[in-house]
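**Student:** Dumping what TrEMBL says about this protein:
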COMPBIAS  243-253  compositional bias 'Acidic residues'
DOMAIN    140-190  domain 'Peptidase M50'
REGION    234-262  region 'Disordered'
TRANSMEM  14-36  transmembrane segment
TRANSMEM  48-65  transmembrane segment
TRANSMEM  105-127  transmembrane segment
TRANSMEM  139-158  transmembrane segment
TRANSMEM  178-201  transmembrane segment
TRANSMEM  208-226  transmembrane segment
Amino acid sequence: MPGLRVARVGGVPVVLRAPVLAGVVVVAWVFAPLAARLGGVPRDARSYLAGAAYAVLVLACVLAHEAAHACAARRAGLPVAAVEVGALHGGTRVLGEPGDPRGEALVAAAGPAASLVLAALASAALLQPPGPGRLLAAELVLTNLLLGLVNLLPGLPLDGGRLLLALLWSRGRSRADAAALAAWSGIGLAGAAVLVALAAAAARRVPLAAAGAGALAAALLAAGAARSLGTLPAAVQRGAPADDPDQPDEPDQPDQHRRTST
């Protein structure tokens with residue numbers, strides 16, 4: 001998919017993918033009513049400009065999350081090809097895989113840890129009187145909490161899926177088996193998220209736009225999980241152990257993989 005290289009962080013290219021504009025539109029549309037209600041902005045073009053500004057803030061938070069992954073991967077001795085930002089997600093394109101469960105866990109945990117630290121730092125600004133500064137701080141806290149906590153859900157391609165992979169790998173499963181289980185967990189989480197979004201919209205508990213954005217994020221999660229599963233050897237996809245001597249040899253996994261944050 002085409003992308004625009006906009007910067008370098010620690011020598012790693014930062015690439016904006018084409019769907020990023022769609023993500024800005026979706027976030028602006030969802031956030032505009034909240035900006036009008038909480039920020040004292042009239043419900044007109046200004047509220048949508050405030051929503052677009054929030055979308056840019058979200059992209060900056062995603063970039064910080066992915067930069068943490070990139071730094072951790074490089075400290076683990078893994079080359080990083082690029083940090084990417086898409087519609088409602090980001091990714092770090094890493095060349096190779098960590099050689100042990102500990103390395104896998106450290107690289108996976110770096111992104112959520114960075115997001116939660118940013119949320120904690122921004123929360124100090126919530127003590128100031130109501131106004132634009134406090135609203136901005138609240139946005140920073142909420143965005144980074146969501147990035148940190150949602151990405152800890154135990155399913156690929158989320159960071160929590162990588163942590164689950166590392167845990168299963170450390171308990172004696174092959175890396176390929178652990179990755180397959182984490183990918184299926186991600187598919188299950190995506191299905192549950194779609195059902196929750198549909199139920200919330202049907203019960204009118206959330207705006208239709210918010211439910212749609214949630215369903216879109218779940219679809220991205222499912223696609224990422226399916227892609228993770230598709231890169232595994234065929235024997236593992238069928239549920240056979242990766243090191244089963246009765247199974248024919250399969251091609252090695254690709255050297256390049258992508259860590260995704262939704």
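Note: Cβ is positioned from N, Cα and C throughout, glycine not excepted.
Automatic prediction, not curation, is the source of TrEMBL annotations.
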**Student:** I'd like to know the mean pLDDT over the domain 'Peptidase M50' (140-190).
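**Tutor:** The answer is 95, the mean pLDDT of the model over that range.
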**Student:** Given the cut-off of 8 Å on Cβ pairs that are 6 or more apart in sequence, determine whether the transmembrane segment (14-36) and the transmembrane segment (208-226) share at least 3 such pairs.
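**Tutor:** Yes; at least 3 Cβ pairs under 8 Å.
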**Student:** Count the residues of the domain 'Peptidase M50' (140-190) that DSSP assigns to helix (H, G, I), to strand (E, B) and to coil, and report the three numbers in that order.
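**Tutor:** Split into helix, strand and coil, the domain 'Peptidase M50' (140-190) gives 39 helix, 0 strand, 12 coil.
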**Student:** Hey, which bits of the same chain come close to the transmembrane segment (105-127), Cβ under 8 Å, at least six residues off its ends?
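**Tutor:** Tertiary neighbours of the transmembrane segment (105-127) are 61, 64-69, 71-73, 76, 78, 92, 94, 98, 133-134, 136-138, 140-141, 144-145, 147-149, 151-152, 159-160, 162-163, 165-167, 259, 261.
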